[in-house]
Amino acid sequence: MIIFGVDPGFGILGYGVLSVSGNSFQHVSHGTIQTEKQQNIALRLKVLYEELSNVIDNFKPSEIAMEKLFFSRNITTAISVGEARGIVLLLAAQRNIPVFEYTPHEIKKAVTGSGKASKKDVQQMIKILLNLKELPKPDDAADGLAIAWCHCAVRNITRRFS
């Protein structure tokens, strides 16, 4: 089973791909999709849609995990992240891929054991948990992996108690 984790963003969208077999999670890929600030909003959304569509079609995930939108003091940022989330949800719906959402607190707790962990702590734990040679970079891609890991961990716990 392939799990696709998404850290939604308008300027930079991070993703992480894990393969799940039983209780084992293996790193497959991670990366980012970036848009240019100078481009108009419609063109940036088109770039996100087309590039993310290609990535999803390449990895063919069974499930998508995404960070929940949390209240932001910067309303413009919250709106643009919401637009990026809409693209993820649309692509998933078009492919009949279920989407699961997690708060930043849930993700940090699943990866590090603490819901108050720093980004650096999350990166370091993802490196250890997935036996990566280097810290996953950039932060957005590391967050995508952390979101995928969180979903895998929740799936395993849920499966055990079913």
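Every residue gets a Cβ built from N, Cα and C, even glycine.
According to Swiss-Prot:
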ACT_SITE  Asp7  active site
ACT_SITE  Glu67  active site
ACT_SITE  Asp140  active site
BINDING   Asp7, Asp140  Mg(2+) 1 binding site
BINDING   Glu67  Mg(2+) 2 binding site
Local Cβ density at Asp140 (active site) - other Cβ atoms counted within 10 Å: 23
Per DSSP, three-state class assigned to Asp7 (active site): strand
In three-state DSSP terms, the structure that Glu67 (active site) belongs to: strand
Structural state of Asp140 (active site), classified by DSSP into three states: helix
